[in-house]
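Record features (TrEMBL):
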TRANSMEM  31-59  transmembrane segment
DOMAIN    68-271  domain 'TLC'
TRANSMEM  80-100  transmembrane segment
TRANSMEM  120-139  transmembrane segment
TRANSMEM  146-162  transmembrane segment
TRANSMEM  168-189  transmembrane segment
TRANSMEM  201-224  transmembrane segment
TRANSMEM  236-259  transmembrane segment
Amino acid sequence: MDFPVDPIMAAKAYKYKAEILINEYLLADSYVLYTSVLAGLLMCKLSYDFTHIISSVYFKGYASLAKMKKIEWNNRGMSTVHAIFITMMSVYLVFLSDLFSDQLEGPVTFRSSHLSNLTLGVSVGYFIADLAMIFWFYPSLGGMEYVFHHILCLVCAVYSMLSGEGQLYAYMFLISETTTPGINLRWFLDVAGKKNSKAYIANGVAMFVTWLMVRIVLFVYLFYHILTNYDQVKQMDTFACVLISVAPTILFTMNIIWFSKIVKGLKKTLAKRHTE
């Protein structure tokens, strides 16, 4: 004899099974890293396809773009989604959460959590996907400077995720992804023929400000933090110490070079606007 199934009890049973699946498998220490990397790859695929669908519907000029332009358009949509995600998570973990608080005991260089590891895993998935696209369509999506930048970021993220060391510094330079949406918007406006628009100029000014804050000023603070906490930094593995010394220095140098180009471009745009 079949008994009627209580929908509330059934829902609770499914919820219980789902929680067991998530806690014992997807979020277990041995699987959380792999799960997060796969989540990052999936995020890239979904955001790439979503950009294609939205652009096809709301941007009339999208259909007339060359094949490679469409690929780059979608790729930039993908990188924008990642940038928004990692910026929010990095700001939360570094400035809002207690994970790296000075009030806690123990070296800050060895602190990590499920959330911080998972977030790094998502970024690892993104860097793998974007690097693969750069290689596949090389050099259409970026030259060797992009390859070098992505490989350096990927090595740092993977090591920090697997070892749990130096995550504070990993997240501090991942905050620099704040500038990515502005960079992509500048490219979108250019391709859309809006280079002389007020939106293009406003975006250029916003790029200047955000780049100065998160890729110059924040990096200076990062170096300051490393020096003032060197007694904790030197407790890390030798490879980690090398990364902490070399990676930020290289990225900061690249940031300075790119920033000089942004300043020149902004000056040129404003001067052209003034003459008109």
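Cβ atoms are placed via backbone N, Cα and C, with glycine included.
Long-range contacts of the transmembrane segment (168-189) within the same chain: residues 72-73, 76-77, 79-80, 82-84, 86-87, 89-91, 93-94, 100, 108-109, 111, 116, 120, 123, 153, 156-157, 160, 195, 197, 199-200, 203-204, 206-207, 210-211, 214-215, 218-219, 221-222, 225-226, 244, 247-248, 251, 255, each at least 6 residues beyond the stretch ends and with a Cβ under 8 Å from a Cβ of the stretch.
Within its own chain, the transmembrane segment (236-259) has Cβ neighbours under 8 Å at 109-110, 145, 149, 152-153, 155-156, 159, 163, 165-166, 169, 173, 176, 211-212, 215-216, 219, 222-223, 226, counting only residues six or more beyond its boundaries. The average pLDDT computed for the domain 'TLC' (68-271) is 95. For the transmembrane segment (146-162), the list of distant contacts is 33, 117, 120-121, 123-124, 127-128, 130-131, 134-135, 138, 170, 173-174, 239-240, 243, 247, 250-251, 254: same-chain residues at least six beyond its ends, Cβ to Cβ under 8 Å.
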